[in-house]
Structures are given as C-alpha cells and as structure tokens.
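Undergrad: After the structure tokens below, expect a handful of questions from me.
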C-alpha cells in the first residue's frame, strides 16, 4: 500500500502549481484552470485520507467538491464571456477601472 | 511478496508505448494528401471560427458543454445511492431512501426545464460560422 | 398625576420642535422659530412645576425603558433622576434656551439669514439632548445624550458652512470633544465592568446599588465583594475610572488642554454661542462631575487633579482673554476661565459653590453673549472691538445690561458673580488650610491661581467694555449703528435684572456674619433629613460626610478665625477684581485707546491723565500681563492646535496610503493573499512547532 | 398543539429554497416576458415567510435544547437547528426582504429579472443553510451555494463595465479562496478523520499531527476571511460592492458577511475550540491580528474616498473587523458566550443599517445623480425623508446613540474589556472615531451643502422608499428593542 504521505506530497505539488498559475497567468481561462488544480489537489487529499481512515465521508465529499467545481467553472466561464464582450480581452489585468 | 511498483511501472510503460507505436506505424504507412479540411482544428464536429492560431468557438458550444458537465457530475452523486439502494430500502423504507433522491432529481429537472425554456439548448448557427463553412467548401 | 409623570416631556418638547422645524420649517411663518419658542416655554413651565414639586420634598428616580436586562450581568436602560440639582439645572437650561430662541428671532430672522429651518432644528435638538442629559439617571444614558450634544454643536457651529472658518471650527470642536469622549466611553465601560458583579444596576447615579454608593461601601467599609478592579486596589482603580470620565468632562467643559475648540467655536451664530456657553454643552461637563460627585469625593487624587486643572484653566484662559481683539473671543476665553472656577470648586470640596457659580454664570454669560450679539447686529456683523467704541449712547439698553453682566463677570459686589466666585475661592481656601498633607497644598496652589485670575478677569472684562462702548466711535459703522428690536432687548432686560440679583439666592457670607437664613441654594442642595431625598444619597449632606470621613479627609481650617477668614477672602478677591477693572480703565477709558500698550511713551501720558494710578499697576498691566498672555497664546495656537491638526492630517495621509493597496489588478490581489497566507503559515508554524 | 415533524425545523431555509425553484418555474412557463410584480411578489412573499417562520421558531423555543438536553439535528448530525441557526435565518431573510422590495423599482426597466430574483433567493438559501451547517462538508456546499449566485448577481448588468469588472474580481478571488478553504478542510479531515463538527472536536486531542492540522486551520481561516471580507481576503470587497447593482451590494455586504461569520462561529467555537488545537495553532491570536488589521485597513481607506458607495464598501470591511472581535476575544472562560453574542448582535444591527445605507445608494443610482460626495450636495432639499433615513443609518454605523449600532458597538467594547483584550477595544474606539469623520461627510453633503443647480428629483419610487424607511425604522427601533436581540444572541451563543 502506498503511504498517505505520498498522496499528500502529490496534492501539495498540485496545489502549488495551481497557486503558481493563479499568480503568473493573466489569461482568465488559465486562471480558472489553475483554480481547478487547487480544488483537485484538495480532492486528492480527501480521497487519500478517506482511504487511510477507512471511512467514506471523504470520498463522498470529494464527489460533492467535483460537482461544485463544475458549477463554479460554469459561472466563471459566463463571467469571462461578459468580460470579453466589455473589455474585448480576457486578460484579467485589463479590467482596472475601479481601484484605490 | 513482489513490489507493487513493478506492476505500476509496467502499466505506465505499456500506456506510453501503445500510442507511440500506433502514431509511428500510421505515419509510415499512410499516403500524404494535404487538404484544407484536414488542417482545421477538430472540435467535436463543430466548425471553429476565426483563425486557427486563436481558436474561437461559437458561444453555444460552451453553453451545451457546461450543461453537460454540470448534469454529468450530478449523475456521479447518484451512483453511491444506487449501490446501497436495495439494502437501504429494506432497512429504512421508501420515504427515507427513495423520496430524497426523487426530490433531488426533481430539482435537477426543474433546472433543466428552465434552461430548455430559456433557449440554452436550442442550437442556433452563428452567421460567421455559416459564412466560414461556405468559404471552406468552395 | 404628578409633575414627574410629565418629566419626559421636558426633553421631548424641544425634540418635537426639532422635527417640526426640520420637516415643516420651510412652510412655517418664522421658519420653525415659533415652534421652538413654544416648546422651550413648555419645557420651562414643566421644569418649574418639577422644581416646585421637588421643593415639596419629593424626588424621582425611575427606569423608564430597559434596553437590555442582562442575563446574569446588568441592565442598560433609560431613566429619569430628578433631585434638587437636576431640577435647578432643568430650570436653567430651559430658561436660557427659551431666551436664545426669542433672541434668534432678532439675530437670525430679522437679519434675513438663510437656512433657518436647519438652524431651529439644530437648536431644538441641542436643547432636547441637553435636557435629556441633565435628567439621565445612569451614566450610559448620560453618555448617549452627551454625544448628541456634541453632534448638535457640530451642526450649529458649522451653520455658516460656506465661509472658511465655521466648517473647520465645527470639525475641531467635534474632534476635540470626541477625543475626550472616548476616555469617557472607556470610563463608562470600565464602570459597568467594575460594578457589574456587585450590583444589578451599576450605571445608576443615585440610590443604593448605584456605582458611587457601591464604591463608597468598597472604600469606606471594605465591602469589595463582586467588584472587578482588575487587580488594582479599589482606591487606585476608582481613581483611574474617575480620571477616564474626567477626560470627557475636560473636552466638553473646555478645560486645559482640551479647551482649544471653544474659542474657534465662536464662528457659530452668536445665539448658539450663548446657548453653548451658558447652559448646554460646556455646562454638561461640569454638571457631570457634580452629578457623580459621590464618586469623585472618594478619591483624593481625582479631587486634586480636578482642582488643579480648574485653577490652572481659570488663570490660563483669563490671561489669554487679555490680548484678544474680537468681542466674542474675549467672551470665549472668559467662559473657559469661569468653568475653570467651577472645576476648582468641585475639586476642593466646594460642591455648593460650584453649582452656585454654574447658575450665576449661566445667567451672566448668556447676557453677555446676547449683548455681544446685539452689538454685532448693530455693527453689521463686525466683531473686532477696535472697530467699535462709543456705542454707549447709541444703544443704552444694551450698554446697561452688558455692564451688569460685566460687573457680574468681574466679580464686583453686589452683582451675581461676586457672590459665587467669592464662595468658590473661600471654599478652596478653607479646605486648603484644613486638609492635611498634599491635598491641602494642592488646594492652596489652585486657590492661588484662581485668585490671580480674578485680577485678569476684571482687566479683560472692562477692557472689553471700554473698548466697545466708551470713548469715541472709531469707524463709520460705529457712528451709525443699526437698531435692534424688542426681541433682542427683551431677553437682554430679563437677563440684566437677573444678573444683578441672582446672587442673592445664596448669601452664605451674609448668613455667617449676621445669622440671617438667606442661603437658599445651600438649603436647596443640602438634602437634609426628612426630605425624601435622603435615599438617593446625592445631597450635600451626604457628600460632606464622604469628603470628611472618606479617604480624602477634606476638613475646614480657618487661619484667621471664622469671621476673619471670611472677610479677608472676600476683600482679597474683591480687591483684585477692582484692581483689574481700574487697570483696564486706566489703559482703555480714553478717547483714543492704543492697541497694544507696549509703547512706553503713551503710558507716561496715561499716567498723567490718571492721577490716582500708581506705577505698580501699570507695570502689572504692561510688564507682566501682556508678555504672559502672549506666551500663553503662542502655546495655545502652536502646540495644542498643532497636535490636533497633526493627528487628523496623519490619519488622512495614512488613509490615502492604505487605499493604494487596492491596486485594481486582480493578480496583485491574489499575490497579496498568497503572501499573507504564507506569512501567517510561517509565523504560526514556527511558534506552534509544526516543523 | 400538534407536534410538527422534525424536519420542519429547517423551514426558513426550505422556504427560501422553494421560493427559488418557484421563481425558476415561473420563468420557465413564460420566459419571454418579465412580470415584475409577479416575480418580486413571489420573492418577497417567500422571504417574508422565511423571516416570519424564524421569528416564530425563536419565540416558540425551537432552537432551545429539548428536555433531554438535545438540540434538533438532522441528517445524521450534518445539520443542526439551534437558536443561532434561526437567528441567522432571520437576519438573512429580512435583509433579503428589504433587497427584494427595493429591487422592485431598481430592476424595473432592466433585463433578466427572473434570473435576478431567483439567484438572489438561491444565494439567500445558501446563507441560511450555512447557519445550520454542522459539518465541514455541508458548510462548504452551503458556502458555494451562497457564493456562486452572488458572482452571477454582481455581473447581472452585463453591459456595464463596472458590474463585469466587479464580478470578475469577486469571482477570481472567490475561486482562489474556496480552493484554499477546501484544501484546509481536506487537511483538517486528514488530521481528524471526520468532517462533522462534534466528531472533529472529539478527535482533536493531544497527538494530532500538528503540521497538517495547523495548515488546515489557517486555510479555513482564509476561507472564512474571504466570505466576511476580512483582510487579507478582502480585496474583492471594495470593487464588488462598488460595481455591483446597489441592492446586490447591500445584500452581499450584510447577509453574505453574516453568513461568513456564522460559519466562523460554528467552525471555531464548536469544532476547533480546544486546548489541543490552540496549542498547535493559536487561531484566537490569528483573529486578533486580522481583526485589528481589518479595522484599520477598512476605516483608513474609507476615510479618503471620493465615491460614497466605495466609502461604504470600505466601511463594510471595517465592520468585519469589529465583528471579528467576537472571535478574537474568546478566551475559553466564562465570558465567551457574551463575546460571541455581541458579535452576533452587531451583525444583526449591521444587517439593517448597512442594507439601508446601500439601498439609499440604490435610490440615488435610480435618480441617476452621480456617485461622489459632491453629487450628494443638497439632496435633503429634494428628498428629506430618505436623507433623514440615511442620516440614521450613517450615525448608527458610526455608533452614535441614534440607532441600534450604539448598543452593539458598546457590547463589543464590553466584550473586549470583559475578556481582557483591551487592545481590541482600543482599536475599536480609534476606528469608530475615524469612521464618524467620513460618515459625517455624507450627512454634511446632504443636509448642509447647497444643491448643485438643476438638481431635481421627479420620481419617488415606492418600493425603494419603503425598503429604506423600513430599514431606518428598524434601525431606530433596535435602540429600544435591543433587549430582545441581545437575549436571543447570548442564549444562542451559550448553546454552542
């Protein structure tokens, strides 16, 4: 059996990749994908721990998390779409009419 | 007791080798007939608009895809329920096992009905896509 | 039904007039003035009724509405406490408010000012809040109305918001008094926390279970059960609490160093100044100390601080009054100085003297401000005294009433101010001699400062009178002043008569000398046996007992024997006042007074004209008074104003920096969030020992 | 009296959910026309019913322990209905009512009304559900149910650049935060093997893996901070509140913030309140730091704004800092119920006064007279009643004794003193003083400044006026009626 630490390391790596993407990418879609990576990192954890403890709540919750992630992407894409219509670009750093 | 990693390594090796070999074999065997339709980006049968460098799709494609993803994920939630359904009905009765799921499905249906009535699944070809299709065929 | 059942209406009536003026003022003939006059007249009548009932030996101390009946802690409620002190103050406030409303008809309506509904709404709310404050039965309610009073003053001082001065003056008044109020708020919270364990009603002012009484039990009888003194000795902790509340008092009553807002507040319309100075805002602070005197009397340190602050403020502000050019500025500093006297009296155990001075001051200061208002109307809103002169013959009613007020302010026998100021100083003196240890010395020091201030008071008061009314008209405007109508003269006449006579309500010295029972105010505030008021424990009888037997041990000592000390004290203060008046007369009662008498040549001429002056007096005026005054002025303008302005500009500057954090670029936000999270993780990881 | 089945205890939340579905059905039946009266009527009825039911339950004692000392809990303890749940249901439902009534005018001539109302009610369902959540899994689902419609609502004016930009920032920060939150949940699950709050608390004894638990707790703090608009997760708030339609700003800054706090109260006071946790990661200290920084950032930034709506947005951040005191002053001692309770009281009062203030902004946007302080000059000459209401809101927000805000701030201050966290109290006082400055600027502009020439208001929309005046009335009535609020809040807090 693979020790739980390995899953933790994997999920931490995925989480950091996600954060890195969030910080460096200016394309709204890639931003979204990075967020998905973060969510999936959490899912890896949930499933791994669920396996370790032998109870199912983690796995079931991971299913819920996936559903929510899909819904989040749906809303996100909608917003990116209207962003494109208003600013003619999906660069997230373009929309800066409000600040300070 | 053998190391479980051996099996994993073997699986990975096979997983990489099969596609590689298929691509190389077909590259050796196929005749080369370049054509416009073949260079177009394949996107589930839908015709891409704009240049191939910056691919843009009809917005409707997103709509349907999103609806698909959301409803697809919801079905995942039904699977665990089906697994335990028979035992659970025996232990708890219908009103605690069947009705909640019916309620859940009812909400989903309401959402689907709303999306349908608001035209989210109605397919309208965008003028630009139609135009591009005709130019490609000429 | 008794008078007390109608007591809530005393504050509600002006509040209704506020609503009427605010929403309907545009459509009313006098823009809300009549509603205000009717409301304050109603309050006055009710207050008089209440006062009569109180005179009949009844008091009132009831909760009207409870906000929070705490689960296991304490109540927060609105309630009314009416004892003789309250009744007296209600009378003063509603009386002055009524006169100010009438006077405003002349000062605002006849002058064709705009925005009158806003003005009368402000006056109504101001009066209502002050009345509510006066009969608040607990310290939290007092704080709420205290805040409202501050808010109204902000609105009224900034009435002429289009000019440069008033808005900044209003802001300053608000900020400075708020600064004090925050100490007050902490004090209120502290009082609740401290006494919540020992009584269900920790905020009350009067009766068993009120905080002064519980504190007294704790210190005198050692009954500290349930008290939370945060590990301090009860004595020390009560001192801290007392000083915190005193912060609010010093802000509102314009005591050094929080007095700076008051001279600036002269930017408001003159009737508002009269209301602020005589009866409402500034009086609120002193009244609060008197209200919870049972608490202050327990802690010698706070008494010493109050006395010292009071004495110093009296002197400091009086010296500043000497160099001011504008009529209202002089009056402003005189207000600060006179409230200093009241604080001095309270600090040195002269509770009745303080209340007495509060009463007389309310009358003569209202008179002086309204008189100044009349002069300003006449002078077409010119306020510089050097532009006036010779108004005596052109406006005799104003002159004679103003003169009465000035004599009262300067403390010349037999005008009101003499009796009260003399009693303040006398109490400080005998308690200074009688009390052992450092407290007695402090009282004597404060007394000395108060005494010295008497001279300056006489000087600046009559400098003002002579410059304004005597001599020859120095400008064209002053030659042809604008007339004033009945609505200006009426209030002046009423107040003029009162300023002359109100001192007779408490002729304590006369009683001591002759045995005649003429100390009515004394009796009023004594709270003697059988008056139904005993249970409230807010009578002077009780306070005297606390002062004598509590930790302060304030005792009476008369170095020259009973009669001798009395006469010596009276003669000393009267003599200094007369000296001040005469010094002013020598310098300014000339056809063409000189702006600053630092030209020695002119002094020589003056000397020749005034044969009875000796050189000492002149030196006192020029070699001592002016330099001291200028130094004080410089300190005030430079250091204290600087601190106030500095704080506000630093806040705004840091605000403009903080908002730059919001760059508008969402990627930056993600970066900041990540950095913050990482910092938290690292810091707490290291301290929590995760690694 | 007939004993209702147990699940009916969830009625306030269920009613909201049902309303949302009914709204969707109404729109499905007739998608092409938007019947403003019908939609607003259904939404309003549903929200009023939910609010009334919560009040009824609170009064009837549904949320109090039964004779055997047990609270009503459903779905294997995943949901609990106690006084706190009902308190927040009431808060959310009443804010929703005000917002819906105001939207009747605000959205009258705009497209996508059915979507607007159903999304609003759905978000409210999520917020109300969050109050009942008794496990991390339900909490996350409810949180997302509250968040996702909110993102869409901010963007509802699709052709308005501000609205879209606001939605983008809100969504991106929100997605990042929910990712962080979920990761935190997974780590706490890893440390305890359970998602249900009581089980988590029971599993947290000495010997739990410190690193995993610590990181998990801090990440959960992050998720909470996002929802409550606390520093450092507050960055979305000024933009989202400024760009969104004003009724939505009102809804988000009041109800959504309250929902975030009820989550925090439950997670931290129920699941993570143990010496074993505090030894690993002292989250009370974290909240103390966040509370102080939040207060200062919010208020100082608000002090120098030129745009009234943005000023209110920053002040909303500042108020999150005040409420954080309810967590930051927890000591594990006897004062805890009072501390938590005072946080809840402030949220309720804030719910009304802040909603009212934003709805006044909605009214101004409806009149189309500009957004800066100068644009408000002399507004009282045209609309004295609304301006009087706004004055009540602003002074109550500042903590003057003119509305319930005075008592709730006073209670927070008392809470800091009773728990000995005097520095929080000091920060509260300093910031309240500063806040008075910028709130007064608005009052001054409305009442004292001269109106710009040509300022004239012709329309007095009845819905917006009703909402603003009702909010003002409640704010004022909360001054004398504070007793009921504080009793309920303290009881609710003591049940945790």
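Cβ atoms are placed via backbone N, Cα and C, with glycine included.
TrEMBL does not curate its annotations; it predicts them automatically.
Since this is a predicted model, take the numbers as computed values, not measurements.
Sharing the record's features from TrEMBL:
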type     : residues  : note
TRANSMEM : D:6-26    : transmembrane segment
TRANSMEM : D:84-104  : transmembrane segment
TRANSMEM : D:116-143 : transmembrane segment
DOMAIN   : D:133-434 : domain 'NADH:quinone oxidoreductase/Mrp antiporter transmembrane'
TRANSMEM : D:170-191 : transmembrane segment
TRANSMEM : D:203-226 : transmembrane segment
TRANSMEM : D:246-269 : transmembrane segment
TRANSMEM : D:276-300 : transmembrane segment
TRANSMEM : D:320-340 : transmembrane segment
TRANSMEM : D:347-367 : transmembrane segment
TRANSMEM : D:379-400 : transmembrane segment
TRANSMEM : D:421-440 : transmembrane segment
TRANSMEM : D:460-479 : transmembrane segment
Undergrad: The transmembrane segment (D:421-440): which same-chain residues, six or more beyond its ends, come within Cβ distance under 8 Å?
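TA: For the transmembrane segment (D:421-440), the far contacts come to 288, 291-292, 295-296, 298-300, 302-303, 305, 311, 315, 318, 321-322, 325, 328-329, 331, 394-395, 397-400, 409, 412-413.
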Undergrad: Ranking D:116-143, D:170-191, D:246-269, D:320-340 by the number of C-beta pairs under 8 Å to the transmembrane segment (D:276-300), which range is first?
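TA: Ranking D:116-143, D:170-191, D:246-269, D:320-340 by Cβ pairs under 8 Å to the transmembrane segment (D:276-300) puts D:320-340 first.
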Undergrad: Within the same chain, where does the transmembrane segment (D:460-479) have neighbours whose Cβ lies under 8 angstroms from its own Cβ atoms, ignoring anything closer than 6 residues to its ends? I mean 6 or more beyond.
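TA: Here the qualifying positions are 40, 98-99, 101-106, 108, 348-349, 352-353, 355-356, 359-360, 362-363, 366, 383, 385-386, 388-390, 392-393, 396, 401-407, 485.
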Undergrad: What stretch of D:246-269, D:320-340, D:379-400 shows the most Cβ pairs under 8 Å to the transmembrane segment (D:347-367)?
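TA: Between the stretches D:246-269, D:320-340, D:379-400, D:246-269 has the largest tally.
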Undergrad: Counting only residues 6+ away from its ends, which parts of the chain sit with a Cβ under 8 Å from the transmembrane segment (D:116-143)?
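TA: Tertiary neighbours of the transmembrane segment (D:116-143) are 10, 12-13, 16-17, 19-20, 23-24, 27, 39-40, 42-43, 46-47, 50, 73, 77-81, 84-89, 92-93, 96, 99-100, 103, 107, 110, 149-150, 152-153, 156, 178, 181-182, 185, 188-189, 195-198, 200, 223, 227, 248, 251, 255-256, 258-259, 262-263, 266-267, 270-271.
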Undergrad: Mind checking which residues of the chain, 6+ beyond the ends of the transmembrane segment (D:246-269), have their Cβ under 8 Å from one of its Cβ atoms?
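TA: Contacts with the transmembrane segment (D:246-269): 84-85, 88, 91-92, 95-96, 98-99, 102-103, 106-107, 120, 123-124, 126-128, 130-131, 133-134, 136, 139, 143, 146, 150, 153-154, 156, 197, 220, 224, 226-229, 237, 240, 283, 287, 309, 312-313, 316, 319-320, 323, 326-327, 330, 336, 340, 343-344, 347-348, 350-352, 354-359, 361-362, 365, 493, 496.
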